[in-house]
Each structure stands twice: as structure tokens, then as C-alpha cells.
Amino acid sequence: MTTFDDILEEAGKFGRFQKRIFALLCMASMPFAGVYVGVVFQGFTPDHWCHDPGLEQLRENCGLPLEKARRLILPLVNSSAGVLPSQCQRYDVDWNFTDLTCENLDRDITEAQRAAWPTTSCKNGWEYDYEGRESFVTEFDLVCTDAWLVDVLQAILGVGFLVGSVCIGFLADKFGRKVSFLVSNVLSALTGILVAISPNYISLVVFRALHGFGVKGGWMVAYVLITELVGVEYRRVVGVFFQMAFSCGIIVLPLVAYLIPNWRWIQVAFTLPYIIFMSYYWFVPESPRWLLSQNNSSKAVEITEALAKENKKTLSKNIKTLKDDAHSASGSFMDLIRTPNIRKYTLILSFNWFTSAVVYQGLIMRLGILGGNVYIDFLISGLVEFPAAFLILFTIERIGRRLPFATANIVSGAACLITAFIPEMMACVGRLGISMAFEIVMFVNTELYPTFIRNLGVSVCCTLCDIGGIVVPFLLYRLAVIWLELPLIIFGVLAVIAGGLVLLLPETKGVPLPETIDDIELPNSLEMIHLSI
């Protein structure tokens, strides 16, 4: 029997054919960044204050500057940033029936006078300091008591990611990578346009959930497809560079948002690539490994011959005996928690997936509430992901997996804790560390589980990533109201704990992939048996 990996020895493990497909699929990774953290720009909350229709006429009659008018109508309140004019209340004064004149308004009104005025909520709506930028916050007035609805919009996207990963992953195993990738792109394009034309908040929530369903599922299918087309030794490098394509999307995102200041058109810009990706159905082949698993060896042979031809390689007659090398045994969820060592791996890896998502996404989304130049801050933050990728490639084969993995988490956590008290001192270091941890956790996850539950183990642990994405908007935005740096404390503690837990995992560098549960639970006994034989 000849396996696909055997044939790749002849056809080329990463030749011109695979490089072409890899380039195409990396392009599919880039727009996912806009969907993942586009809320920083689409859900931007500008400075806002209560609209007072009675004051408008007074402003016109007296030529009252905007800043003076705001000081006049807004009571001062305590906030996490100090004592500031309220964004959610105004003085309940009918300016047309007061003894104030234009001359009075030119003089400062005492705090004692202000204290005697009644206050009310922003029952006439809000005014926004747009600066040319329109978000769904300003369009649907998602501020003050409705500010948590922005959290829901991001959390529902995470729900879509979670369900889409499972459902489209199932479709990919049942009907093939190629068909499921097409379906996900059709769904992503359709729902992306529906998000852009959403007439109200409820429809926006529904369409964002469906959009997340399609986008995340398609991204995972693309990742699986390219790793199945290359030789085993190239999978890790291909995976890291596929993630770097996502980082390129992070860098492009602030430029797109700067050039397109309206959230609806930003959404259209995110969606257009998915319309183009539909054409991949005619340019990207089905996975030969999947075809073999479905006993469709004739089609697998056809694609493999085309692969060898483009790579300018010649195949031997072994191609005629090409068979699936997958194990027939299948595992269940109970296999992930039944035995001590595997249970420990499952808990630690799940916590690391959760932490990586919360800290990574939280640090990016935090840029939107800091008040600086969000475009420049976002760009700089994205650039640090490239050193992270190169550090991974440099260290994992020289030092191992466990130490860089643990160090990346601990450094990220320490940087978050320091930044909470010395603002922006170490924020980029935190991003670099968590970017490393996020990329390392994937292949460590695959190396720790035995073959028959490897895919299941990765899928189950990875769901904690999407759960982290659901939790993080509430964690970030609600805690920042109390104290702007409080989320950093939470991020720091989570990352340091995650790094400490990683040290409890075994080193997998140079260790053969485990085949059975006994390989993990009784590694020393098996080694002694092997030596005695």
C-alpha cells in the first residue's frame, strides 16, 4: 500500500503546485482579520453628549461656541478618567423660559447655580463628535444604557465563529474541503452584504452571527486544505505563514478604515474578497487525502498526477496502489478526560486557547477606547505580529515547544500588568507575546494527543477560543467603565497562569507523535518494552 505522504516524496512536498495553492489560500486568510477585529473601527464610540433642542436656538441667537454650550448643559460626573462632563445626562432646563440672556451666558455660571438645576437623561438623543467617521454606534445610538449592545454585536460574531467551525468542519469531512469552502464563501459574501445594508439593530445582530458562521468555517477549511497538500515537515511552516497572512490583514485594516470612514462601506470592503474567493472552486483542487478517506482513489490519483506534473516530477507505478493511511479507530469526548495525563492536557490546552483569544482580541479591541490615534496605534500593534512569527520559527526547533510557549504567555501577562500602571509602556510586548502563544498552541495541541483522537482534541480545545471571543467584549468594555486599565489586570493574570500551566506539559520536540493512549499514560513503560525488544 502506498500512502499520500509516500507519493509526495516523488511528486514534491512543497513544489510549485502547492506554492500556488498556498498563495491563493493565504489571500483568503487576510480579510478574516477585518471581520475578527473590525469592531474597533465599525463600532467606534466617539465623544458624545446629550442633544438639547432648546439650546440650539439659544446658540444661534447668542453665537455660543460648542464647547461653552456643552459646559452649560452637561453636569460633571466622576468617571474612570476623572471628573468629566456627563455623556448620558443633561440639565433639564427650558432655555427659552429662563432669566439667562446672551450676556449672562458669556459669564461663567457658578457651580451653586448648576447644582440647583434638575437633570434628565438624553431623551432627545445624542450629538457625536464624528470627525468624519460613522459607526453603528452613532447610527443606532448604542451609548449610555445601550452601550452593552455593542458588546453583544461582537459576542454574537463569536457565537457565529463557534457554530460555524463545528458545522462547516463537519461539512468539510462529509462532502469535501472544496465544496465546503465554496459554501462558506457564498454564505460569507451574502451575509456580509446583508450586514452592510442592515436597517436596524436586530437585523444587524442576526446577520453578523451568520457572517461569523461562514467566515470562520471557511478560514478553517482553507487552513486544513493547505496543510493536507504539503509534506509533513512543511505543515508547521505553512501554518505559521498562513497566520502571517492574517497579520497582513491586521495591517491593511487601519488603512481601509482610514480611507472608508463609514461602517457600512467598510463592511462592503471586507466582503468583496469573499465574492472573489468563490472562483477558487475552479482553481483550488480537492484534498487528495480526503478523497482517499472516501475511497475515491481514482480522483485522488488524478489530482496527484497534476500536482507532480506542475512540480515537474515523475511518478512511479506506486501511484496505482495509493490508499488512505488514516486509522479506522475513532474516539469520543470521554477519551479526552478519561485518563489522567490526557485529561490534564485537555484542561491546560483549553485554558490556553481561551486565554490566547481573550488577551489577543482584548488588546486589539482596547485600542479603540484609548483615545489616541487609533489608525497608527492599530498599525504598530499589527506590525509586532511579524517578529512573533519569526521568533516561533527560530525557537521551536532549537529550544523546543514548551519553554517558548510558556515564556510567550508569561511575558505577555507581565507586559499587561506593567502597562496597567505605566500606560503604553509594554503594550506592544504584550501583543508580541500573546501572538506567539496563539500560534504555538495550535501545533502543540496536535502533538500531544494520540492519533485516533487528535482531530477531536484540537476541535474541542479550539472551541474555547471562540468562547473567549464571546466573553472578551463584555470583559473589556464593561470593566473599562470602572477603570480603563482594569481589563489589563485580568488579561495579565490569565496569561501568567496560562504560562505556568504550560510548564506542566511535556516537551514534544523530537518526540514521535503518540499513536495510542498508552503512549501518553505509560511512556516510560513503552520505552522499556521497546528497548528490550
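Yeah, the Cβs are placed from backbone N, Cα and C, and that goes for glycine too.
According to TrEMBL, the feature domain 'Major facilitator superfamily (MFS) profile' maps to 92-510. Taken from TrEMBL, the feature transmembrane segment applies to 21-44, 152-172, 179-199, 205-226, 238-259, 265-284, 347-369, 375-396, 403-423, 429-449, 456-476, 482-505.
Residues 35, 39, 43, 136, 179-181, 183-184, 204-205, 208-218, 220-221, 224, 290, 365, 459, 462-463, 466-474 of the same chain, all 6+ positions outside the transmembrane segment (152-172), place their C-beta atoms under 8 angstroms from a C-beta of that stretch. Using a cut-off of 8 Å between Cβ atoms, the transmembrane segment (21-44) and the transmembrane segment (238-259) share at least three residue pairs, counting only pairs 6 or more apart in sequence. Of the ranges 347-369, 375-396, 403-423, 429-449, 482-505, the one with the most Cβ pairs under 8 Å to the transmembrane segment (238-259) is 375-396. Note: the stretches the transmembrane segment (375-396) and the transmembrane segment (482-505) are not in contact (fewer than 3 CB pairs below 8 A, sequence gap of 6 or more). Per-stretch counts of Cβ pairs under 8 Å to the transmembrane segment (482-505) identify 403-423 as the leading one among 403-423, 429-449, 456-476.
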